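Worksheet: one structure, shown below.
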Amino acid sequence: MSYNDPNLNGQYYSNGDGTGDGNYPTYQVTQDQSAYDEYGQPIYTQNQLDDGYYDPNEQYVDGTQFPQGQDPSQDQGPYNNDASYYNQPPNMMNPSSQDGENFSDFSSYGPPSGTYPNDQYTPSQMSYPDQDGSSGASTPYGNGVVNGNGQYYDPNAIEMALPNDPYPAWTADPQSPLPIEQIEDIFIDLTNKFGFQRDSMRNMFDHFMTLLDSRSSRMSPEQALLSLHADYIGGDTANYKKWYFAAQLDMDDEIGFRNMKLGKLSRKARKAKKKNKKAMQEASPEDTEETLNQIEGDNSLEAADFRWKSKMNQLSPFEMVRQIALFLLCWGEANQVRFTPECLCFIYKCASDYLDSAQCQQRPDPLPEGDFLNRVITPLYRFIRSQVYEIVDGRYVKSEKDHNKVIGYDDVNQLFWYPEGIAKIVMEDGTRLIDLPAEERYLKLGEIPWDDVFFKTYKETRSWLHLVTNFNRIWIMHISVYWMYCAYNAPTFYTHNYQQLVDNQPLAAYKWATAALGGTVASLIQVAATLCEWSFVPRKWAGAQHLSRRFWFLCVIMGINLGPVIFVFAYDKDTVYSTAAHVVGAVMFFVAVATLVFFSVMPLGGLFTSYMKKSTRSYVASQTFTASFAPLHGLDRWMSYLVWVTVFAAKYAESYFFLILSLRDPIRILSTTSMRCTGEYWWGNKICKVQPKIVLGLMIATDFILFFLDTYLWYIVVNTVFSVGKSFYLGISILTPWRNIFTRLPKRIYSKILATTDMEIKYKPKVLISQIWNAIIISMYREHLLAIDHVQKLLYHQVPSEIEGKRTLRAPTFFVSQDDNNFETEFFPRDSEAERRISFFAQSLSTPIPEPLPVDNMPTFTVLTPHYAERILLSLREIIREDDQFSRVTLLEYLKQLHPVEWDCFVKDTKILAEETAAYENNEDEPEKEDALKSQIDDLPFYCIGFKSAAPEYTLRTRIWASLRSQTLYRTISGFMNYSRAIKLLYRVENPEIVQMFGGNADGLERELEKMARRKFKFLVSMQRLAKFKPHELENAEFLLRAYPDLQIAYLDEEPPLNEGEEPRIYSALIDGHCEILENGRRRPKFRVQLSGNPILGDGKSDNQNHALIFYRGEYIQLIDANQDNYLEECLKIRSVLAEFEELGIEQIHPYTPGLKYEDQSTNHPVAIVGAREYIFSENSGVLGDVAAGKEQTFGTLFARTLAQIGGKLHYGHPDFINATFMTTRGGVSKAQKGLHLNEDIYAGMNAVLRGGRIKHCEYYQCGKGRDLGFGTILNFTTKIGAGMGEQMLSREYYYLGTQLPIDRFLTFYYAHPGFHLNNLFIQLSLQMFMLTLVNLHALAHESILCVYDRDKPITDVLYPIGCYNFHPAIDWVRRYTLSIFIVFWIAFVPIVVQELIERGLWKATQRFFRHILSLSPMFEVFAGQIYSSALLSDIAVGGARYISTGRGFATSRIPFSILYSRFAGSAIYMGSRSMLMLLFGTVAHWQAPLLWFWASLSALIFAPFIFNPHQFAWEDFFLDYRDYIRWLSRGNNKYHRNSWIGYVRMSRSRVTGFKRKLVGDESEKSAGDASRAHRTNLIMAEIIPCAIYAAGCFIAFTFINAQTGVKTTDEDRVNSTLRIIICTLAPIVIDIGVLFFCMGLSCCSGPLLGMCCKKTGSVMAGIAHGIAVVVHIVFFIVMWVLEGFSFVRMLIGVVTCIQCQRLIFHCMTVLLLTREFKNDHANTAFWTGKWYSTGLGYMAWTQPTRELTAKVIELSEFAADFVLGHVILIFQLPVICIPKIDKFHSIMLFWLKPSRQIRPPIYSLKQARLRKRMVRRYCSLYFLVLIIFAGCIVGPAVASAHVPKDLGSGLTGTFHNLVQPRNVSNNDTGSQMSTYKSHYYTHTPSLKTWSTIK
């Protein structure tokens, strides 16, 4: 169609052809150029046609005509005019018939088939075994349409001749093995015999025929059927065959399970087996029968495989169809059982045995419809549901069982892996199913009590011990090497009487032997891994490894490593050299290295001898389903080795020289230093003396964590380098010097996009290229990416030729000038979307791309998109109204600022439409000249909201424009429907004879093109909630169907139960835009398949995909999310992308040739998944959107490029293409156990890898993808991913991959997936360990007199002053550590910078990097890392991982302080503030510049949520927010409030305590989730023990800093610092308890009475208690300062220690004393109001007060902490909000909007403005009052210290003696102050004979 066609005005509304992105009407300003239709095809006049453009008998070279046969291009291969398309047998009648029921999933067009005698088809050309791959099946051939002279007949005759059959490649071929009627009869017969549903049968018939048609279009029908049977049933890659042999069903069929004797073969049997094997290898097809007789009785896998292939080879086409049909019918109704592929195989096997039996064939009456579902599937479904949900009060409630108690899909499935499992299937009468004859088993399936059959086959226990087993090799490669490094560099530990002044060395044997203990460490790790495996894999399961032998082997190896080392230390006395010991030590070191290497390389599952050895069939199932890894070959394998050799070579070298050697001096000094301290009242100087050794222990532990971190650092660097190298190799980098990407673009379009080899009518390439290029440009114009003047410059135009009367095509100058870099303003708007898209298109075509097949040969594929509640189409209200009270901008305003050029194009377009419509309606010409000002005023509405008239067609345009620039389903559908346009375009361009055939009949041509597109491409949206949509959602869904009639929507339909008390009936239904609309406005479904019950048993998405999966069509599925986009130019590459599956052009081998070895063929590892790139279209919408986009780009592109090559890429959902047959027969496209499979997509990838599939990555194709844009939504996604990784750590997939992958693949898998998250965890862990080390180290430095240090002097020199402590090397370690953490952090930015550099050039990369730095994105990265690790820690400790829907909108609203604080306090702010206090102590105690980095990092943890909050620093909003914070703290105690401090505390606590099940129907119960109580052991490990270690570390530092080091005192002068901690920790708690008892008594006695006259009793009571708690805690802060003798440094460490001790107490109380939380908040309000009698708690009202009192004790301290911390955070923002115009600068930083495009401040009414100002004044006063009080608490004691007597507290005696720290005492006992000054040097010099004796 023309883009200046005035008849298109209303088309964007109904959009019947479904081809546009809303198909806006479009216009051309100038009329002198030739028009183009929607494919970019020039619309030619009849004259032009007569001039020969489309006459096959004439050829052109740029318009020059040649006589037939003399075209010089004929000899040039691709342009050669081969045999005519029409010279094919014309007499093939259409065999299909119409029987009143349309089996196709689309409505046929044209007259019914068989009506006309000439309704004929071109037969497929056989592509098997040796013919051309082209199929003409889809091209209509009408007798008499075109004759040899090129004459045309009546176009109507052509239309009548169109094929009406949806499966032409199969039905039109005379060699089809079975006619379609017979196939249909098979389906109907099976449906009757098994009781399948009729709709399911129709659906599966269409599914099967589409598969046959898809394959027949590129191979012969016979080969298509054979390959399909091989894929589903009998081929080496068929899952059914793999299962059949794994579960030894062949032996069941031969001798019966009951007669099987599995065990070792006798010697005689082994000899016979060897002989048979030789016979099979030498067998030829002729003597197959003889070989079969010879191997009879041989049960080996080879013999079984030979028998199988012989059997398959004898199958007739009828039997093949029947077998596939039966499998598909079982699969189509299997519901949740589709997630258990081997269970489904077992059901199919039983059904197949029954089908082949006489009992089935002779059965007179069919089984009732629904028998298969109700009798076979529903009992299994109900069992699976009962594991996750239980019935409480008549409704289904999620069970509280954790994963290790839930028998999930995988446990159910794995029962069927082994004959021993199948043998456990027992009837109610005790009969084993296997004891029945095979043909009787199917009818007995309904009698099995499944509850008694299934058991756990792997325990997903919530424990960190999974990491010990799964990643044992990682621990060995790090812990053992770290031990060896440290042992070698810590000689002082094993040197007798080491003295630094002499630097005496240890015996050589000791050095060797100590390092050799690394081998023992490795053995210990393996023993621990084996013991953990024992606890995770039940011995009951037949697939469990035999661990006893491995355990004893490991013990022996540990003994071999440990024994000689003990000998060395025992035999070799520490002062006497022994040659024997030296030799043993050295040998043992190399034995240890060998042990270390062996254990590092060998997978745990393959240690000593693999339990899956192929000589026995015992473990074939585990080999098949958990270890069929596709091997890497050639360059890929060497690259994989090279990557990891490089990583670990660099890592071990760098770690040794940088990390370990920086520890050498601190080890020497700290291990030999003993402190001269007075000590503590309770235990003297026992602890303070060894403070250096405690510090050393902490330093070694901290460095140990760093030792893990730098491996990940090197992985990032090496991966990036290799990825960059590959990008240069492929030619996708912008820096690649040898490409002229735009100059060569036309040629590349011709060679890489178009399949021109088989074209019948040959054209000059320019004619074909121009149509493709013009279509791309016009599609961009229609999407308002280009203005009309840009379009004119970019299009190919027809111009007069030099030959008179002829026309030729002129290429746009763009192709030449683009490479000259002078194109910025000439062809595109600068930095526009159009420029990006065309640049990528050009760049991608310069890479190697598989050759495309012709359109009619390409396979059929489906795009599948799950939809839940995402926006379909934005409403007008959402676009032009501010979305909430905190927003300052409407969505439309924001979009206009983000896309100014596109808005301008849209407005111009709309104005033209409005003017034309007005002219058409008024029927008169406009005045020629209007007043310019009036015209501008009239245009204002267009520029503001996009329309002037409120007519639906105008408002809809604006809605569509906004929806196409937001994350909506409409954007996704309009984008991916470009596949349809691309297929039509390619088909039209590559088959010009079709255009000729139709002549001027545009409608007939369009229908033919649509039919081809419909045949090759389906779009399926799984819209599970459609039946429950609200009216506006329904309206939007209906709009989609009208705009895109071929769109298919699968949804869940619900009907009330037939009988009362039963469950409602639920159906999977399918509709499209062709479905009839019923009276109620709904559409009549095409297919409606009943399910066993509600299919949503998991977290939603995977179940949603699974229920819709039965409606997919074709061979491949592309999985897409509802916030993606696609573009026409990318869709043109679809044929090449599908060719990546390596199934289109391969040499076909007969799959059932006997003698082909099982598992030895390269085809045994098909491509399961092809991943693709994503462009994050939200990348420039501010700093956070850009950070999220950058991460996605680097992960999805830069790393995926390398990972795919070295075998480490998995499936991440969108936008991957999957091999549908491979994946659907192996459990589907995702996994669905609730909680465990939270990140559902990645499990499908792991499943594919485990089962032998390959995963590739496609560089030249990319989709668009939206990402979260706000701080909260990005971190919600982060939390979901982190928690999901916690669940993955527990999963069996990680166990199989971790214990069975070869070392290089294992390392790739680990560092690409769990390693990233564990790295984040290690970073946070190292930060906390460092803080603990810093506190102790700086306490040591603060109390010591340090030596004058010169690093260049020998270590044996005497240090001055005499008696000093040389802690400089230890203090300098802080600098080295900081540098390490700094590098680890900044390395995260390397990939994104490199990615930007290679794709967009140096300038863009530098620009983006500095933009990120100036926008403080490093602070966000620090915070996000903490959220990752917090989510992971929390999930493994307490569970509760759940699906968090991610944000799809723009983050322009200011979020209240209270919401941000409550959301991030537990995960980051608390940890940051505790660490900040410790850092403050470290900074004050001993200043070092490197600590500035930690100040920045910890500031990020505390302040990041507020820095990235829009308009956080607007003055008025800030104080109104403060008002909201104060109200948040105080509300919720009188009556429930959704957003209150008490609600936040209760929800946080419930994650540990869990909720009670009792409900009283209160509103407060709605916000509570279903948290179950966490396991107490996990809580002790995760909460109490780390807290106790931290408290102990701080306490040791505190007692040391008070231990009076260097002070000349007596034992009587020892201070009582422990009592200070006890007082300041416990006194506030005791006072709080007293206050609570008083309040409780008062509320119980007078609360109900007061409540009658005072509505706020509860709030007042709570306010009093909370206020006292705040005051008490502040008072005891000052008390600690006083007790520490007004020393600020000592007070700081005292406060830190008190906080840690209180945390420990409260954790213990929560875990050990608190019972479950009620879902309602009645207990809380009753505590303050005294109204216990009306709570509805029943008898619990008697026990609840005690529980509530315990909780309130904790709450008062928490309230004080939140009050103080919240105010501190707000106070620190004061300097920022005082900066003039800070809000504008802050908005520029967040949104990257120029000042001219700034978001305006909101406009308020006078009343609102007055009210706001009054509130601001009031709360501003309160804010400054609190600020003054806080300042007073710090300034007061500091000033008072000068006026307080020096001997304060000296009068205290007894236990309280020295409670106050002495002030102004000298701690310098060095030099002349030493009591042993003169003899000091000599007394510390050892006698020579103590160290140098040599034997």
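If you go along the chain as it appears here, the first residue is 1 and each next one adds 1.
Cβ coordinates are placed from backbone N, Cα and C, and glycine is handled just like the others.
Here the structure is a predicted model, which means the values were calculated and not measured.
Feature region 'Disordered', per Swiss-Prot, maps to range 269-292 of the set 269-292, 1085-1108, 1853-1876. Record note: among 474-494, 1671-1691, 474-494 is the stretch given as transmembrane segment by Swiss-Prot. Swiss-Prot lists transmembrane segment for one of the ranges 512-532, 1331-1351, 1499-1519, namely 512-532.
The membrane topology recorded in Swiss-Prot splits His582 and Gly1851 across the two sides. Counted with DSSP, the topological domain 'Extracellular' (1642-1758) comes out as 94 helix, 1 strand, 22 coil.
Between the transmembrane segment (474-494) and the stretches 512-532, 551-571, 583-603, 1621-1641, 1822-1842, it is 512-532 that has the most C-beta pairs under 8 angstroms. Below 8 angstroms of C-beta separation, residues 465-466, 468-469, 472, 475-476, 479-481, 483-484, 487-488, 493-494, 547, 550-551, 554-555, 557-558, 561-562, 564-565, 568-569, 581-582, 584-586, 588-589, 591-596, 599-600, 604, 607 of the same chain, each at least six residues beyond the ends of the transmembrane segment (512-532), sit close to that stretch. Residues 882, 888-889, 893-894, 897, 900, 1180-1184, 1186, 1411, 1414-1416, 1452, 1508, 1510-1516, 1519-1520, 1522-1523, 1526 of the same chain sit 6 or more residues outside the topological domain 'Cytoplasmic' (1780-1821) yet have a Cβ under 8 Å from a Cβ within it.
Averaged across the topological domain 'Cytoplasmic' (1780-1821), pLDDT for the predicted model comes to 85.
Sequence-distant contacts of the topological domain 'Extracellular' (533-550), counting only residues of its own chain at least 6 positions beyond either end whose CB sits under 8 Å from a CB of the stretch, comprise 414, 417-421, 455-459, 461, 465-466, 469, 604-605, 607-608, 611, 619, 621-622, 1295, 1299.
Non-local neighbours of the topological domain 'Cytoplasmic' (1601-1620) in the same chain are 675-682, 684-685, 688, 1339, 1342-1345, 1485, 1680, 1683-1684, 1689-1690, 1693-1694, 1855-1859, 1861-1862, 1865-1870, 1875; each lies 6+ residues outside the stretch with a CB under 8 Å from one of its CB atoms.
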